[in-house]
Amino acid sequence: MNPQAKLIFIISLFLGTTITISSNHWIMAWAGLEINTLAILPLISKSHHPRAIEAATKYFLVQAAASALILFSSMTNAWETGQWDITQLTCPTSCLILTSAIAMKLGLAPFHFWFPEVLQGTSLTTGLLLSTAMKFPPMALFFMTSQALNPTLLVIMAILSAALGGWTGLNQTQTRKILAFSSISHLGWMAIIIVYSPKLALLNFYLYTLMTAAVFLALNSIKTLKLSTLMTTWTKTPALSVTLMLTLLSLAGLPPLTGFLPKWLIIQELTKQEMAPAATIIALLSLLSLFFYLRLAYCATITLPPHTTNHMKQWYTNKPTNALVAILATMSITLLPMSPVILTIV
């Protein structure tokens, strides 16, 4: 892709995100989401591979439907209340339509089917954008309307997302699809707490973004798209393989690592809200996703690759690891002891 064109699309992504998160009016928020969608489409389809074109088409259709629902929801609310302000969402019908629309934008179950397919059709760097930056504007809208949302609907969607994200990721061999199901599972944790503690949901989103960026960039630097390729990376980059393993375990939410912090705080908050059954169910469902994180971590650090790996050996040159990967991975592993400081900020 032409560098100037790529720069224009990336600037448009920043512009669309900024417009959405800083707007008070529904039409401005909708315009920002549309700019975002149109800016990411060329980045998805830049390889001109049929799979990439298919991914871009699926992404466009889903996002267009979700944007139409957001407009419909805001118009229904304006009809009932005479208000176009985002924070003045009081009509129950509008709340339900908006929740469905944002769930579709994010890839929350039961509107999650498009996300693994789209991620599988893109490069790892575009996949990183889709998993993190493109989810920020819809999460900001959830944050702004959190007081009006229906808690029962969100809890059902959250438990469905955690279950389906874990269950459907178990049998995957493609790293991008595994990370897509991981994203769906993490969105479940954010959705279950957004009504009760919006700031905690945002903290979860920031830490998820941090850890996912570290994993995507590490996989990109070793050019790994399949588990069979991941098995042969130890001999080439042992330090990066260990870092990747620890980051994956952090993403799974194991205690000494950063990923444990949001899960711990969310379970604590749900218990305070007398929602111990929901907290127990979502905690148990996270064990499903723990399995495929452990599988990925095992493949990343396997020291003797099996002789049955049926793939081409990749040409490898000793290039230095990106400093950004090192910084993100370090933060993904070591932030738990700083939790008191993080909690004072939140």
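Backbone N, Cα and C atoms are what each Cβ position is placed from, and that goes for glycine too.
Since this is a predicted model, take the numbers as computed values, not measurements.
The domain 'NADH:quinone oxidoreductase/Mrp antiporter transmembrane' feature in TrEMBL is assigned to 23-288. Look at TrEMBL and you will find 290-343 tagged as domain 'NADH dehydrogenase subunit 2 C-terminal'. According to TrEMBL, the transmembrane segment annotation covers 5-21, 56-76, 96-115, 152-171, 178-196, 202-219, 239-258, 278-302, 323-345.
Contact between the transmembrane segment (278-302) and the transmembrane segment (323-345) is not supported, since fewer than 3 Cβ pairs fall under 8 Å when only residues 6 or more apart in sequence are counted. Between the transmembrane segment (56-76) and the stretches 96-115, 152-171, 202-219, 323-345, Cβ pairs under 8 Å are most numerous for 96-115.
By the count of Cβ pairs under 8 Å, the stretch nearest in packing to the transmembrane segment (178-196) among 5-21, 96-115, 152-171, 202-219, 323-345 is 152-171. Using the rule of three or more Cβ pairs under 8 Å, pairs at least 6 apart in sequence, the transmembrane segment (323-345) is not in contact with the transmembrane segment (152-171). Taking every listed stretch (5-21, 96-115, 202-219, 239-258) in turn, the largest tally of C-beta pairs under 8 A with the transmembrane segment (152-171) is reached by 96-115. Confidence across the domain 'NADH dehydrogenase subunit 2 C-terminal' (290-343), taken as the mean pLDDT and rounded to a whole number, stands at 76.
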